[in-house]
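The feature transmembrane segment is assigned by TrEMBL to 12-32, 61-80, 92-110, 116-135, 147-165, 171-189.
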Amino acid sequence: MEHSSTYLRRAALAYSLAGIGLLAFGFQFWFLGAVEAEAKGRLLAPFIFLSDDAFVSTEQGGWIGLISKVGMFVGAFSLWKAGEPTGFGKKRTLLFIPMAGAIAYVLGQWMPLPFAPMGAFLSGIGMLVVGFASLKANIWTDWKRYIPLVVGGFPFIFMFPILIISGARPAQLIGLWGFPWLLLAWAAWQRVQEISNEIPVTKSL
């Protein structure tokens, strides 16, 4: 149980960084007057775009954005090691999907097309299937069991429809995705507290 708690703590920290990074990305558009500009780089082939500068804050979030994306990977890997919220059966491998999404997101720093939208899609669909597995496994209880679904559903409900309609990414909404990731961090941390309460305390004589 303590082994699971260690990885859940790491997941909580990693997903906190993921959420904060996304909020920081959105903050510049919400309050600092940042506007979407045409990305600078080279179109190597249809749907393959290489960025001139991988760390422009308004494009892929700069260094904070990179830390955020690494946090997504570490969070999913930590949940996989903990066997939560899916359990240790075959459904545990579903966490490989959001891990792949995080890797695509990291590659998207340098090659926004195709990796940035691929990262969003795989992260979203990955957390959705993990969420459904969470409901069946019933390891996470109460509100916590629904949070992976909230994380995974957000881009499909809010981000992708606007991208399809307008043809441009919704930068402000990408930033708002940080809140579900922070909820996931809180859920993992609450699960640590539950496990701590379940561990019997041995009293010395």
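Just so it is clear, glycine is given a Cβ too, placed from its N, Cα and C backbone atoms.
Automatic, uncurated: that is what TrEMBL annotation is.
Same-chain residues lying 6 or more positions outside the transmembrane segment (171-189) and placing a CB less than 8 Å from one of its CB atoms are 8-9, 11-16, 18-27, 29-30, 36, 58, 72, 75, 79, 84, 140, 143-144, 147-148, 150-151, 154-155, 158-159, 162. Listed by sequence, the residues of this chain that lie at least six past the ends of the transmembrane segment (12-32) yet keep a Cβ under 8 A from its Cβ atoms are 57-58, 61, 64-65, 67-75, 78, 171-182, 184-186, 188-189, 192. Proximity of distant same-chain residues to the transmembrane segment (147-165), defined by a Cβ-Cβ separation under 8 Å and at least 6 residues beyond the stretch ends, is recorded for 85, 117, 120-121, 123-132, 134-135, 140, 173-174, 176-177, 180-181, 183-184, 187.
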